[in-house]
Amino acid sequence: MKLFSQKLMVLFFITQCFYAQDIETRLTKIDRTANHKAIDDYFDANLAPFYHGVASGDPLEDAVIIWTRVTTNDISVPVRWTIATDAKMTQIVKQGQTITNQDKDYTVKIDVKDLDAFTTYYYQFEALGIQSIIGKTRTAPAKEDLVNNLRFAVVSCSNYQNGYFNAYNQIASRSDIDAVIHLGDYIYEYESGGYGYSDEIGRGHLPENEIITLDDYRVRYSYYRLDPMLRNVHQQHPFINIWDDHEFANDANKYGAQNHSPETEGSWEVRKNNAHKAYFEWMPVRANTIEQYRLYRTISYGKLMDLIMLDTRIEGRDTQVNSSKNLISAAASNTEFKQYTKNVIAKKDLTNKEDVKEILTTVLPMILTISNDSKKNQAGLSKEEFKIVVDSFTDFIAEKKTIGIESKQHTELEALLRKGVVYDEQFNSKENKATYKSILGSEQFNWLTDQLSISTAKWRIIGNQVMVMPWNGVPSNDAWDGYAEERDRLLNYIKTNSIHNVVVLTGDIHSTFAGEIRYKGECEMCEFVVPSITSQNLDFLGGFASGVVEFYTKLLNKHIKDVDMDNHGYFVLDVTENKVQADWFDIDDLSKPVIGEKRSRSWYVNSNDCKIREASNAAVATTRSVHEELSNTKEPMIKTPKEDFIVIGVYPNPMENEGNIHYLINKPTTKLLISLYDINGKLIQQLQNQQVVKGIYNLTFDVSHVKKGNYMVVIEAGKIKTSRKVIIR
């Protein structure tokens, strides 16, 4: 699917063009939001040089990853780390030192070992004589221990351009969870002003281009991690991450992606490796000892639960058929439909049957085949049958009838919808079934079945990117629907081997689903699908249109018990010996930073009973120790001066047509000199030589006429001098 992208200017700027010799340059002073909010609010100088805060992840019973990033102009920098059992960092139990440099993008990742099980720890870094903020983390229970209760915040799909990360802030404030499970789409690869952007919110990102090179991916992660809400949640809780497609490119698989064009963007293998490397640098995930960039793994939470994190995206996925990813992204990328929604649907009276009929007559042909033939036995619906569908839908909507009503009208509507579904013939064709091979790859599939068999935990929780449940009547080839034979193989294995208490956690689709995964008429697994943190779903359509889709979905999918396509947020997974419950918390507003959430629904599954049930109340956490609050910033440092100038990134590298130097000025005014030298030290050109005021800048320079080879960018700001090696090809 080709997601719609607009050439909108997102990062408001002051542009100045000047020429010297033959290299054209353009200097951009960046404001981060549409209302010109002060850049200091994001690039918090009091956090220097640890602007990106701290993070932790991949907790084991005796180990945890701790992470930070040092922003410096030094070639390399030693970093000390300490971990303690108290928030004042007086009861230190582990400490050490490492070195970071440009090869790691100045990130620091330590696998701290020999820790106590199921224990809260605090950690801190020190570099250049300055200490970072203090982070909090927690180890998993010992493998032989059965704890009473485990709780996780489950999240996915955080598109910076779609809105503010208010859900992250809500999770950061919770003291009743053991970790955050992120199911992917942590970043998005699109250009600034592209997918997800709106003028109303005005949140662009850097780099402005679609990210392709290693430095592109690094700068995008850096930009996300400067967000105070994301920085805050990482400081407060350990993360257990898996990637989805947008950490690479839309609809990615082992061999390519919908949003990758080899003709203009180069090798997919190179781009994939760039994304891999940046991910492992910037995320608090443990390096794999078997294969460098393998991410699927099992994290034991004692006798109560095994968390099995899958990679259904990159490791073994064969190319999916080239059609719409799903109904949500198809609608979101249809500009004509979005305009119709804004100009027509929004103005209609949805209690008026004639208004409802008018809208349905326009909307339903998007998902149903309407034939010009008046006969009732041809492919698709006849005009008469389509009229029956519209009339029946109108009755259900205008009169607010529920899906549970069993009537002749209800049965007829269901039968006609099944007949008219556009995608069934295409989706079930022999040609497409030949295309659908594996979503896991044989090695990961065998690993998964082994993990399910050898697990001695009460619950087997699977962290998974795309929906496993069938979504009848909707194009969802990017999900397990596109790999139905492998899904059946997995379900057959679970059934044949009498494996019980399997619950799947899913992201990707930006919406809420709760249901049962059935095989040969019997439930084998239950599935909870989390909505997005910000990424758009059908919220832009308003309640009416999303309500139609929800009704349509449940009518054709009796195994799906609940669906919500226009809210954002997260759910808390509560695990006890007797049941697993998911409590959904919705965020009302993404357009600005807000505090607050509301519980919208709760569903649970009992032990040894593969059936989901609705809960009237949220699960209550068992007593947890009260931990000291941590500040997500620091008091201004008087004795230690702040760095006046910082190079944030030089990208892309290698560069073909143009390069970018992204930097921060931290003084009221600074004289800046940026020069390009060849490898022998010969000056090629001064790229910038002028006074600049405080702020974040991007200097773009044209290299399309520069001879291919290795060069050095030398940057001088007052007494500070630093350099970066670049390749022009």
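Each residue, glycine too, has its Cβ placed from N, Cα and C.
Record features, source TrEMBL:
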DOMAIN    52-139  domain 'Phospholipase D N-terminal'
DOMAIN    152-328  domain 'PhoD-like phosphatase metallophosphatase'
DOMAIN    424-584  domain 'PhoD-like phosphatase metallophosphatase'
DOMAIN    650-728  domain 'Secretion system C-terminal sorting'
Composition by DSSP (helix, strand, coil) of residues within the domain 'Phospholipase D N-terminal' (52-139): 3 helix, 49 strand, 36 coil
Within the domain 'Secretion system C-terminal sorting' (650-728), residues counted as helix, strand or coil by DSSP: 0 helix, 62 strand, 17 coil
Integer average pLDDT (0 to 100) for the domain 'Phospholipase D N-terminal' (52-139): 97
